[in-house]
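Pulled from Swiss-Prot:
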type: BINDING; residues: D6, V7, G8, N9, T10, N11, C12, T13, T132; note: ATP binding site
type: BINDING; residues: G107, S108, D109, R110, T184; note: substrate binding site
type: ACT_SITE; residues: D109; note: active site, proton acceptor
type: BINDING; residues: D129; note: K(+) binding site
Amino acid sequence: MILVIDVGNTNCTVGVYEKQKLLKHWRMTTDRHRTSDELGMTVLNFFSYANLTPSDIQGIIISSVVPPIMHAMETMCVRYFNIRPLIVGPGIKTGLNLKVDNPREIGSDRIVNAVAASEEYGTPVIVVDFGTATTFCYIDESGVYQGGAIAPGIMISTEALYNRAAKLPRVDIAESNQIIGKSTVASMQAGIFYGFVGQCEGIIAEIKKQSNASPVVVATGGLARMITEKSSAVDILDPFLTLKGLELLYRRNKPTTEK
């Protein structure tokens, strides 16, 4: 079995794979102040609930966009699983040709998603990840990662609206069926929701126009379902795209990481 860990700015997603099949998955809040023991106890609690033990795990791979938490994560893997994890970063075999100014700047989550989407759905492909930031990545018909766009995520924008507009309340992010709100809260929710649907459709359309291609569009991330249910611009919703990419990258790099 393989343990895959995706460390995002808001949440960490943990999954267990066996023979390329996702058996279990969990989510925990990303807290950069957590110790390795706190992380270990959380993961072991997940395992206990699923009748798994640390000895079931033969390898671990981690993707992280939160550098301060990585020392604790790596220590946790060694202390509780006796495994030195594979870290997605420079030197890892991805199978992608990165045609960008500085490949080291690309977030590991974007690389992982691009690997998974290219393998699972073919190229050309656009990957939209609705996370803390909303990211758009374009991989052309030759499998070349051409770059993309990064926009503030839904939660960031919602909090900014509350923090910078004195008379506007904090609101929950919710799907809205009416663009014309009848109250301040309803108007904010409509603006936030339809604003991000429009952002998604507009950026996808512009990528298609500038690339002169007809890529398949794959969406992932915690808020992807809510947005994509209102948008015809997305072809495929894959909530486990990042975990799939991690498992695939582990197999591509397995000879140097398995215990």
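Backbone N, Cα and C atoms are what each Cβ position is placed from, and that goes for glycine too.
Structural mapping of features recorded in Swiss-Prot.
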{"residue": "D6", "record": "ATP binding site", "Cβ neighbours (10 Å)": "27"}
{"residue": "G8", "record": "ATP binding site", "Cβ neighbours (10 Å)": "22"}
{"residue": "T10", "record": "ATP binding site", "Cβ neighbours (10 Å)": "14"}
{"residue": "C12", "record": "ATP binding site", "Cβ neighbours (10 Å)": "23"}
{"residue": "G107", "record": "substrate binding site", "Cβ neighbours (10 Å)": "20"}
{"residue": "D109", "record": "substrate binding site", "Cβ neighbours (10 Å)": "27"}
{"residue": "R110", "record": "substrate binding site", "Cβ neighbours (10 Å)": "23"}
{"residue": "D129", "record": "K(+) binding site", "Cβ neighbours (10 Å)": "28"}
{"residue": "T132", "record": "ATP binding site", "Cβ neighbours (10 Å)": "19"}
{"residue": "T184", "record": "substrate binding site", "Cβ neighbours (10 Å)": "12"}
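Ranking the binding-site residues T10, D129, T132 by the distance of their Cα atoms from the Cα of T184 (substrate binding site) places T132 first. Of the chain residues outside the ATP site list D6, V7, G8, N9, T10, N11, C12, T13, T132, T30, V65, V66, G131 have their Cβ within 8 Å of the site's Cβ mean position.
Across the structure, R110 (substrate binding site) and D129 (K(+) binding site) place their CA atoms 8 angstrom apart. If you take the Cα of D6 (ATP binding site) and the Cα of G107 (substrate binding site), they are about 12 angstrom apart, rounded to a whole number. Look at C12 (ATP binding site): DSSP puts it in a strand. Taking the Cα atom of each, C12 (ATP binding site) and D109 (substrate binding site) are about 12 angstrom apart.
For S108 (substrate binding site), the same-chain residues that are 6 or more apart in sequence and have a Cβ closer than 8 Å to its Cβ are S63, S64, V65, V88, G89.
Whole-number maximum of the Cα to Cα distances across the substrate-binding residues G107, S108, D109, R110, T184: 39 angstrom. R110 (substrate binding site) falls within a helical segment according to DSSP.
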